[in-house]
Every structure is written in structure tokens, then in C-alpha cells.
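Chemist: Below: one structure in C-alpha cells.
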Amino acid sequence: MKIYKLQTPVNAILENIAADKSISHRFAIFSLLTQEENKAQNYLLAQDTLNTLEIIKNLGAKIEQKDSCVKIIPPKEILSPNCILDCGNSGTAMRLMIGFLAGIFGFFVLSGDKYLNNRPMRRISKPLTQIGARIYGRNEANLAPLCIEGQKLKAFNFKSEISSAQVKTAMILSAFRADNVCTFSEISLSRNHSENMLKAMKAPIRVSNDGLSLEINPLKKPLKAQNIIIPNDPSSAFYFVLAAIILPKSQIILKNILLNPTRIEAYKILQKMGAKLEMTITQNDFETIGEIRVESSKLNGIEVKDNIAWLIDEAPALAIAFALAKGKSSLINAKELRVKESDRIAVMVENLKLCGVEARELDDGFEIEGGCELKSSKIKSYGDHRIAMSFAILGLLCGIEIDDSDCIKTSFPNFIEILSNLGARIDY
């Protein structure tokens, strides 16, 4: 895919940003904890979340779908499927399903694409094995495909050494099948969509005031079925916020965006860098929702070292902002970037250099010198949707060819359509 330099300003109101991926995954998986029909409007129709629907279908759920409205009728009992459960490119789907299936009697095989099957799963499989789960796979159950033989699990008191919503949610799901009360704690607060949704479903879970500790009781009855409207994804919206900032005389308003405090850290970073950006809350139900207004801005360099778990998905796009800011910027304490869909530290630095930007890898992040003269280049996405979309936005300034853009469909199927509607010229 080739993105040509955009010569005109962008002025738009965007209401069709992709639905939130994290909430879509959880809606589908958590429906298996109920016994009645679950309904979601604005479900994300991307490859990752459609794969999750297929997984729960193979576990016995009945699914009705009309456009982005999805109804799920859970099975009375989870089936032991006669096929591999394909998670595609989604680490969220795989890690959450490991936790869910570990305590269900049956035999299950989870696999994914070539990128997912090389991402670390021991952070989930190890603590589950310690409480009685039987999980088998390459490199001591660190790499998929993974085979899970569901067992009754022992209660646990688990302290996570990493701040990860995926680890947290997997352990919560396993705790529901344990033989007694379980506790979970983490070193810093990760995304809390699971807690928010499960509390709305009347799950037997208690959260400490600071959000760092959980007490989870085994399930004694089905949870309350869901009927929700899924807001739009702030991680997906971020690309078009960035576009408005870097393109002269541009302004964009984005509506129905999820504004959960654990999801807007990257927006706060842009504000600290000088971006003219406002977030307004319009609804506060089980999640905080609102609109974002942003316009062309001059950015200044910044050091980012806190709340990294809250901006891990936006880090590649933030690197683009760093490259266009005045002065040096850095991101540290972000070693988790090395085990995402790609090694995002290495890949961002490699590709930014190809575009004429001075960038340097750190063990746990990167340093970028802003204000370099950009040049048109061909970059590699390494199958990582966030790398591809970040450089597509940079391409609006200098023109860029991206070697694998199909990966964008895993999270944001109408990204190219929106980009084209804003005036971008795109060739395949």
C-alpha cells in the first residue's frame, strides 16, 4: 500500500471510528458466563474480534449477527470442540481463553497466526499450572499452539510482576472455577474493562479503592446477561487525532469515543506536548464515553516514563508525534513493547530511520530527535497493525509505501476508508 503526501487540510467530524476492541473481546468471552441472551450494538467487525466469535461458537454458543449488532446465546455447558480454536493475531483472545478454559473439563487447542504463535504465553500458563491447570505447548507452554486439559483449579493469591489487563483477566476467569476465594494484585493499574463489565454483570468480585487488588469468589450461579452499546476505540481514534495535529490548518471532532481513564494517557501526553486537544465526557455508564476535539498544533519534545501500561497500544503513533516535535523525546519503562505483535521498539526505530528521522533503541524504549527532514520511504509493518497505521499517518506528510497493510484489518477494518474520505490518495 502506498500513501501519498496530502496537500490539503483535513476538517471532519468522525462518528465511524472502529468499535473498541478490548470491550468487544470481553463481551464475547464473558457471555459464556451467563445463561441468557447477550446483546451488543456496535460490536467490532475486525478479524481479531470475529475470530473470538468463532471460538465461542465452537464452544457451543449460538450467534446471531446483523451488521454490527451481535446476539450471543451461551451453551448450557461448554463443549469440547473437534477443531482448533483459532485466535488469529489476537493476544487478548488467546490469553483470556487460556484463563477461561483452564478450569473447564474438556480438551482444547488454541493457536494463532505465525506472529501470535511466537508471542509469550508463560505469563499466563505458569501461574495457572501452579494452581492445577494442565497446559502444554512449546518452550514449556510459552508458545502456541497450546493444549489445555481443563481441571478443577486451586484457590490462589497471585501477585503479578507485570501490569497487564490480559494477565489480570485470565486469572479472574480462572478464579471463577477455583475451589475457594482467590486474590490478585498488580504493581500498577492496568486497563480495568474486565472489572467494569464483570461488576455490571453482578460477578462475585471486589476491587480495592486503588484498583490494584481484587478478591474473586468462585461462581455459584450464572452472571447477568449483557445488553450494551460498545463505544468507539480510543486507540483507533488516536491515529486521526495525530493526523489533525500534524496536518496544517486541520481540525477533527471524534464522537462516541471510550474515555476510560486507563485508555487516554496517550492523549494526555499529546496535551503536555502542546496539542490543542479537548476531551468532553458525554456519558458515564459502565464506561466513560465522550468526544474529542483536536486541531493543528506545534508539538514539543517530552520524556514519557509513567503509566506505560495505559499507552502501550498508542506508543507507535506517539513515536510519530515525537518525530514531528521540536527537540528530543523519549519513551522508557516500555519493555512490554518488545513482545507485542512485533518488537515495536526495534521496528519503530528501524522504520523511522528509513524516513530520515534520528531514532535510537533503548532496552526498554526509544529516543527520537524531532524536526528532522522527512523523506519518502518503503517500510515494513512486520504484520503489526499499529505499525502500519502509524506510518500511514506519517505518509500524509512525506509519502510512504507499507509492505503489509492487510494486518490493519485485524483491528480497524474501515481505517483506509476513513483515510480516503479525508482526502488521502492511496494505491495498492
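All positions are counted from 1 along the displayed chain.
Note: Cβ is positioned from N, Cα and C throughout, glycine not excepted.
What Swiss-Prot records for this protein is below:
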type     : residues                                            : note
ACT_SITE : ASP313                                              : active site, proton acceptor
BINDING  : LYS21, SER22, ARG26, SER164, GLN166, ASP313, LYS340 : 3-phosphoshikimate binding site
BINDING  : LYS21, GLY91, ARG119, GLN166, ARG344, ARG386        : phosphoenolpyruvate binding site
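So that I understand the layout, could you describe where these features sit and how close they are to other parts?
Modeler: For ASP313 (active site, proton acceptor), the Cβ neighbour count at a 10 Å cut-off comes to 23, with all displayed protein chains included. DSSP gives ASP313 (active site, proton acceptor) a coil state; it is part of no helix or strand.
Look at ARG26 (3-phosphoshikimate binding site): DSSP puts it in a helix. All protein chains shown were included, and the count of other CB atoms within 10 Å of the CB of ARG26 (3-phosphoshikimate binding site) stands at 23.
Secondary structure at ARG119 (phosphoenolpyruvate binding site), as computed by DSSP, is coil.
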Chemist: Cβ-Cβ under 8 Å from ARG386 (phosphoenolpyruvate binding site), same chain, 6 or more residues apart: which ones?
Modeler: SER235, ASP313, PRO316, ALA317, LYS340, GLU341, ARG344, SER411
Chemist: How long is the line from the C-alpha of SER22 (3-phosphoshikimate binding site) to the C-alpha of GLY91 (phosphoenolpyruvate binding site), rounded to the nearest angstrom?
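Modeler: That comes out at 11 Å between the alpha carbons.
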Chemist: At the level of the C-alpha atoms, what whole-angstrom distance separates SER164 (3-phosphoshikimate binding site) and GLY91 (phosphoenolpyruvate binding site)?
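Modeler: Distance between the two Cα atoms comes out at 12 Å.
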Chemist: Other Cβ atoms within 10 Å is the metric here; tell me which of the binding-site residues SER22, SER164, GLN166 scores highest.
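Modeler: In terms of Cβ crowding, the pick is SER22.
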